[in-house]
C-alpha cells in the first residue's frame with residue numbers, strides 16, 4: 001500500500017486487512033484520566049505494585065515534603081511528576097520502589113492563616129488546635145491534585161511532620177544531638193523578621209533591591225596621642241584642627257548601637273588635611289571620597305591599618321546626648337574591603353555577624369553588647385533620641401541628628417540588594433538574640449575515647465560521598481556548608497515542635513537530666529501531640545525542683561522538622577516500608593535519592609545533611625537530584641503580579657495531566673523549565689503523534705494471539721528482524737537514561753522512533769504486507785510478531801511519563817492474555833534476540849539512506865506532474881560496493897521498501913556513485929493494492945487485480961523473504 005491517506009473503504013469484494021481497535025484516536029484525557037485515577041485507587045494499585053516486588057531490592061526516593069498551605073502550583077507538579085517517573089522507572093526495572101508522600105505542617109505561614117481567620121491573641125493551645133485542623137484540610141486538597149497528576153504512592157498513609165509520632169521522634173532526635181555535644185545556647189546575630197517576630201533560617205531569606213539612605217559619618221578623634229604615633233606626627237599638629245575617622249554605611253539605624261570600628265590590617269590609611277579638618281580614609285579611596293564630600297584635601301601622612309589597632313574615637317552622637325558618651329575602638333578585620341566607601345567599617349555587634357565576631361574576639365561580653373532594637377523593629381523606649389521609633393522611620397531622623405552634630409559628611413539614597421523575609425516580602429535584619437544553636441565547629445563528645453570531627457567537617461565529607469544530578473550541585477552545596485554560620489535551631493513561634501527544655505530561672509542552665517526529661521516529654525507528645533508540652537505541669541516531671549525551673553518557650557526551626565524525616569519517618573513512622581537493613585549495614589544511608597528544586601541546597605538537602613551528620617555521621621541520602629524553576633516562554637519567573645502563572649489544575653482540566661507529564665519529561669530539568677500556551681501546544685502535538693503510532697500498532701495487532709501466532713525470529717522477514725534489533729538497541733539507551741535520571745533524551749528518542757523509525761519507515765513499508773497478504777499468512781504474522789514485541793517494549797518505555805496512556809494501551813494490548821492487568825506490576829520487556837543484529841542494523845541503515853534519496857527524486861518527479869502517488873513510479877538505482885549488494889539482496893521485495901511499483905538495481909559506473917532514475921509506470925493500477933503492474937487483469941475472473949492480490953485472495957499467496 002502507498003502512503004496515501006484513504007477514507008475507510010466501503011465493503012469490497014476484494015477486501016484488505018484493515019483492522020480496528022478499542023484504543024481511540026482521541027485521548028480525551030481530561031475525561032478519561034480521572035477514571036483511571038479512581039480505578040487505581042479502587043484496586044489499590046500502589047499496594048499491588050509493592051506486592052509484585054516483594055523481596056526485591058528496595059529503592060527509596062524519600063519525599064521532600066511540600067508545605068501544607070494553599071493549592072499546588074506548577075512547581076509542585078514538576079517536582080511530583082519527576083519523582084513519580086523515577087519511582088515508576090525503578091519499579092519497572094524490578095526494584096521494590098517505595099514512595100511515601102509527605103507534608104511539612106508546622107511553621108509561620110499556617111500561624112499567619114490562623115491569625116487572618118481568627119484574629120491575634122489566641123491562647124497557644126487554641127492556635128495549635130486550629131493550625132492542626134487547617135493543615136489537615138490543606139493536605140486533603142493538595143493530595144487530590146497530586147493524585148490527579150497520575151502520581152502513585154502510599155496516599156493512604158502519608159507522613160506528616162505534625163503526626164504525633166513524628167513530633168515525638170523529632171524531640172528524641174534533638175535529645176540525641178544534645179547528648180553528642182552539638183547544641184549550645186548563646187547570644188548571636190540571627191536573621192530576624194519583625195513581621196514573624198522570630199529568627200529565620202538561611203533558606204527563609206531572599207534578596208531584593210531596597211532603597212536606603214547611604215551615609216558617611218565621622219567619628220571624632222579621641223586619642224590624638226596614639227594617632228600621632230601611628231602617623232608619625234606631632235600631637236600638636238593633630239590637635240591643631242578637628243579630625244574624624246570616616247565610615248560609610250547603608251544602615252543608619254545601626255549608628256546608635258555602634259561599639260567599634262574596623263580596618264584591614266594590611267590596607268594603607270591616609271591622614272587627609274581638608275578645610276573641614278583631618279580625615280582618616282583608606283588611601284586608595286581618598287580621591288573618590290573627597291569628591292563625594294565636596295572637599296579639597298591633601299594627604300599629610302599614611303600608615304597601615306595594623307598601626308591603628310585599638311585606638312579609640314568618640315561616638316558621633318556623643319555631643320547630642322550623654323547616653324552616647326562612649327569610645328569606639330578600632331579592631332582589625334580581614335573582611336574590610338576598599339571597593340566602596342571609606343575603607344573603614346563601623347561595627348554594631350548586635351546587628352552584624354562579622355561585627356559580632358570581631359567584638360567577641362576582642363573580649364566583649366554578651367552583657368556589654370548594646371541591642372536596643374526590639375523584636376518588632378522598634379527601638380526600646382530607653383534609647384536616647386530615638387526611643388519608640390521603628391528603625392526604618394528612625395533612619396531620616398538619625399541623619400538629621402548626625403548633621404546637627406557636625407559629624408555627617410554625606411547622605412544620599414542608595415539602591416542595593418537586601419535581605420527580605422520570603423513569606424512577608426519585608427526587609428529583615430541581623431539581630432543578636434539569645435538562641436539555641438547547632439555548632440558547626442564545636443568539638444562533639446568523644447566516642448569510644450576518640451575525637452569526633454566537627455559538624456562542618458562531617459557534612460563536607462558526606463558531600464564527597466554523595467552523587468549529584470546535575471553534577472554542579474556538589475560544589476554549590478559544598479560552598480554553602482563551608483561558609484555557613486552555626487545553625488539557629490530555635491524559633492519564637494507557637495505552631496511548632498517545642499524545644500522542650502527546663503531552664504534554671506536564675507542561671508539559665510539546662511536541667512541536668514535534660515536527655516531523660518526530653519524522652520519523658522516525647523512519650524507524652526506521642527500520645528497527645530505537641531499540645532502536651534503546653535498542658536504539662538513541670539511538677540509532674542520535676543517534683544520539688546519545679547519552682548527552680550521554667551519551661552523553654554522556643555520551638556524548633558521547621559527545617560529541623562523536615563530535616564529529620566530520615567530519622568522520624570524512614571527509621572520511625574514508616575520504618576516497615578522505607579527501612580532497609582541491608583542499606584543500613586552497608587553505609588547507613590537509607591534513601592537512594594532526595595529530589596527537589598535548586599533552592600533546596602540551602603533548604604531540605606542542607607538541613608537533612610546537617611541532622612544526619614550529627615545523628616549518624618553521614619548523609620541520609622546516596623544521591624541528590626536538583627531541578628530548576630518554572631519560567632514562562634520568555635524566561636521570566638512565574639509571578640501573579642506579572643500575570644504569567646500557569647495552573648496545573650487548569651492544564652489537567654483542559655488538556656490532560658498527561659500533557660503536564662510529557663512536558664516535564666521532555667524538558668531538561670537541570671535548567672529552568674519554560675512553559676507557555678505555545679509550548680503546551682507543541683507538547684500536545686507530540687502526544688498526538690505518539691498516540692497515533694500506538695493506535696496503528698494496536699489496530700494491527702487486534703487479530704493477533706501470541707500464544708497461537710508466535711514465530712521464532714529466524715522465521716521473520718529480514719526487515720522485521722531489523723526493526724526488533726533497532727528496538728533492542730534503543731531500549732538499551734532508554735534504560736541507561738532512566739538509570740541516570742535522564743528523561744528528556746528518552747522522550748526525544750521515543751518521538752524519533754515513532755516518527756522516523758516506525759512511522760517514517762518500518763510501518764510505512766509494512767502497511768502493504770499487513771493489509772494485502774492473506775490474513776493468516778506467515779508474512780503477515782511475522783510482521784505482527786515484530787509489532788507485538790515493539791509495542792510491548794515501547795509501552796514500558798512510556799509508562800513512567802505517559803502513565804495514563806500506557807495503562808490505557810496496555811488494557812487493549814494485554815486483554816485476554818496472560819499478561820498482568822496493569823503495566824505497572826510488569827517489568828521492562830525482554831526483546832527476542834536477533835542473530836547478527838549489528839550487521840542487520842548497518843545494512844538497513846544504508847538501505848534507509850538509499851530510500852531517502854529515492855524519496856527525494858520521487859518528490860521532484862511528482863512536483864513536475866509526471867506521477868501522483870509513489871506507486872505510479874518505477875525506479876532504477878545504480879549503486880556500487882556494499883550498497884549495491886544490499887539492494888540486490890532484497891530482490892523483488894526492494895519495491896516494497898521504496899514504495900514503488902517496480903525497482904531495479906544495476907552497477908554504477910563508479911563504486912561510490914548512487915544514481916536514481918524515476919519513470920512513470922505504463923501499467924494498469926491494481927484495484928486492491930494500488931500497485932501498477934503488468935499482470936493486472938491476467939485472471940479474467942478478476943480483471944482489476946494484479947497477480948499478487950489474486951494469489952493472496954484466491955490462491956496460495958505471495959512469498960516474501962525480506963520486506
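Every residue number used here counts from 1 along the chain in the order it is shown.
The backbone N, Cα and C atoms fix where each Cβ goes, and this holds for glycine too.
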In Swiss-Prot, which of 44-54, 55-65, 66-76 is tagged motif ''HIGH' region'?
66-76
Among 632-636, 637-641, 642-646, 647-651, where does Swiss-Prot put the label motif ''KMSKS' region'?
637-641
Across the motif ''HIGH' region' (66-76), average pLDDT on the 0 to 100 scale:
95
Please report the three-state DSSP label of residue 949 (Zn(2+) binding site).
helix
For the recorded Zn(2+) site, enumerate neighbouring residues of the same chain (Cβ within 8 Å of the Cβ centroid of 926, 929, 946, 949, site residues themselves excluded), in sequence order.
772, 927, 928, 930, 931, 933, 936, 945, 947, 948, 950
Can you tell me which parts of the same chain pack against the motif ''HIGH' region' (66-76), counting only residues 6+ beyond its ends and a CB-CB cutoff under 8 A?
103-105, 107, 109-110, 113, 135-136, 138-139, 141-142, 145-146, 160, 597, 629-630, 638, 645-649, 675
Have a look at the binding-site residues 640, 929, 946, 949 and say which one has the shortest Cα distance to residue 596 (L-isoleucyl-5'-AMP binding site).
640
What kind of secondary structure is residue 929 (Zn(2+) binding site) part of, going by DSSP in three states?
coil
Take the Cβ of residue 926 (Zn(2+) binding site) and count every other Cβ within 10 Å, whichever protein chain it belongs to.
25
Looking only at 929, 946, 949, the binding-site residues on record, which one has the least crowded Cβ, with the fewest other Cβ atoms within 10 Å?
929
Secondary structure at residue 596 (L-isoleucyl-5'-AMP binding site), reduced by DSSP to three states:
strand
Can you tell which of the binding-site residues 926, 929, 946, 949 lies nearest to residue 640 (ATP binding site) in space, using Cα positions?
929
Counting other CB atoms within 10 A of each CB, which of the binding-site residues 596, 640 comes out lowest?
640
